[in-house]
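Pulled from Swiss-Prot:
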type	residues	note
SIGNAL	1-35	signal peptide
TOPO_DOM	36-78	topological domain 'Extracellular'
TOPO_DOM	100-123	topological domain 'Cytoplasmic'
TOPO_DOM	145-148	topological domain 'Extracellular'
TOPO_DOM	170-181	topological domain 'Cytoplasmic'
TOPO_DOM	203-207	topological domain 'Extracellular'
TOPO_DOM	229-315	topological domain 'Cytoplasmic'
TOPO_DOM	337-350	topological domain 'Extracellular'
TOPO_DOM	372-381	topological domain 'Cytoplasmic'
TOPO_DOM	403-420	topological domain 'Extracellular'
TOPO_DOM	442-450	topological domain 'Cytoplasmic'
TOPO_DOM	472-482	topological domain 'Extracellular'
TOPO_DOM	504-513	topological domain 'Cytoplasmic'
TRANSMEM	79-99	transmembrane segment
TRANSMEM	124-144	transmembrane segment
TRANSMEM	149-169	transmembrane segment
TRANSMEM	182-202	transmembrane segment
TRANSMEM	208-228	transmembrane segment
TRANSMEM	316-336	transmembrane segment
TRANSMEM	351-371	transmembrane segment
TRANSMEM	382-402	transmembrane segment
TRANSMEM	421-441	transmembrane segment
TRANSMEM	451-471	transmembrane segment
TRANSMEM	483-503	transmembrane segment
Amino acid sequence: MRTDVFLQRRKRRDVLLSIIALLLLIFAIVHLVFCAGLSFQGSSSARVRRDLENASECVQPQSSEFPEGFFTVQERKDGGILIYFMIIFYMLLSVSIVCDEYFLPSLEVISERLGLSQDVAGATFMAAGSSAPELVTAFLGVFVTKGDIGVSTIMGSAVYNLLCICAACGLLSSAVGRLSCWPLFRDCVAYAISVAAVIAIISDNRVYWYDGACLLLVYGVYVAVLCFDLRISEYVMQRFSPCCWCLKPRDRDSGEQQPLVGWSDDSSLRVQRRSRNDSGIFQDDSGYSHLSLSLHGLNEISDEHKSVFSMPDHDLKRILWVLSLPVSTLLFVSVPDCRRPFWKNFYMLTFLMSAVWISAFTYVLVWMVTIVGETLGIPDTVMGMTLLAAGTSIPDTVASVMVAREGKSDMAMSNIVGSNVFDMLCLGLPWFIQTVFVDVGSPVEVNSSGLVFMSCTLLLSIIFLFLAVHINGWKLDWKLGLVCLACYILFATLSILYELGIIGNNPIRSCSD
């Protein structure tokens, strides 16, 4: 048991370090593109565009959306910024601990009790929990800051969710994952409809009560489709499988079948194979006294689960254990561990409390990253495309990579696309509450400048992702990861050139300039 826990912690550490390295690579490339764009903007051929800067509408800097730091600018430049870097690392570690120790196990128990397949679980509960920071951001934007921070944050990180997280899953997975056509098609269509609805709603810079109700209705229809996903998928496969090879059922020996391990009363280990087309991959079978398909692998939920206060044997692991002990203790006393038999019936409370802590840690993470970017003079354009987008989506990134590394590719992809669909609810719910219960009859004012480019990019990225998966043979591997990474770098390059006014003739400047 101790060896399993150490291996699990090592996997979490490897995933976290790999994600950080990938984000630093993206940040370096995007920053180089920005510097090159500034050089071109200063040339004689681009000076005419700079004359339009005074007439263009300014945007608030990212730092205006958060409280001031606990150091002055000069104190941060004199060395105080190291404290912020340590807080950033600790928040990343905290998010990974919540996801690994509480959030994903609660998702496992929920899926087991409700009989959900991998893709449905990833598109609903996993997407809702990992997108909790966006929901908090949307409520802050409507009720606290009275601005469009929710729109800018959700729309700005949407392309990152689609392309960058998919790239991370493909590049950091140890094995090739097989993808199913129907779940990806279902989620991509739902997200395309959601994006089109948001663009139509905010085109006049005002959101009324029926606009928020429309978004809630779209998400309600999406959830209803998920509830009847088995029947719908069977109909689609029977209707279109003769003309579409990707919808044809795979052989029973393929990787689509998940091994379910159960321990009977005589403690003998038995293995049963069940296709994804069955009613659920987590349902109990007669003759099994204990059944678990762990999101971290085929792990038994033991009565003697490893305590967070047990010290590791090696010195390096002891250092990491001491560093993570405060947050581990905080989570231990505030979140019930549904892996333990006593708390297993409180899995929904575990899920909700995990989402709360994920939101809190992510907010502090993005706050610290924003201050670091402001101190180092990193432009908001580069920050928004890399570190801030990654910060708000770090729960999705960690959760998706973890389940992808265990061979659950459909769950990872459904979480990637499904979390973006849930983000539409993040916009519709606070808008509906504001216009119906708070300021009755008064619309919510939003700023839709520049969203035409963003909306076109979102729709194109959805189409590109689906086509890339199809061309790659419905495999989640390093080739798909490289293609998605290159596409995201291209998107970031075009976005930077657009905001600088090099393309589009519409430079965007900060109000602090």
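Note that Cβ sites are derived from N, Cα and C of the backbone, with glycine treated the same way.
Quantities reported herein were computed from a predicted structural model and do not represent experimental measurements.
Among 79-99, 182-202, 451-471, 79-99 has the largest number of CB pairs under 8 A with the transmembrane segment (351-371). The stretch in 79-99, 208-228, 421-441, 451-471 that contributes the largest number of Cβ pairs under 8 Å to the transmembrane segment (316-336) is 79-99. Note on the topological domain 'Extracellular' (472-482): DSSP counts are 5 helix, 2 strand, 4 coil.
Per-stretch counts of Cβ pairs under 8 Å to the transmembrane segment (421-441) identify 208-228 as the leading one among 79-99, 182-202, 208-228, 451-471. For the transmembrane segment (451-471), the neighbouring stretch richest in Cβ pairs under 8 Å, chosen from 79-99, 182-202, 208-228, is 182-202. Note: the topological domain 'Cytoplasmic' (100-123) comprises 21 helix, 0 strand, 3 coil (DSSP; helix = H, G, I, strand = E, B).
Residue counts of the topological domain 'Cytoplasmic' (170-181) by helix, strand and coil are 4 helix, 2 strand, 6 coil (DSSP-based).
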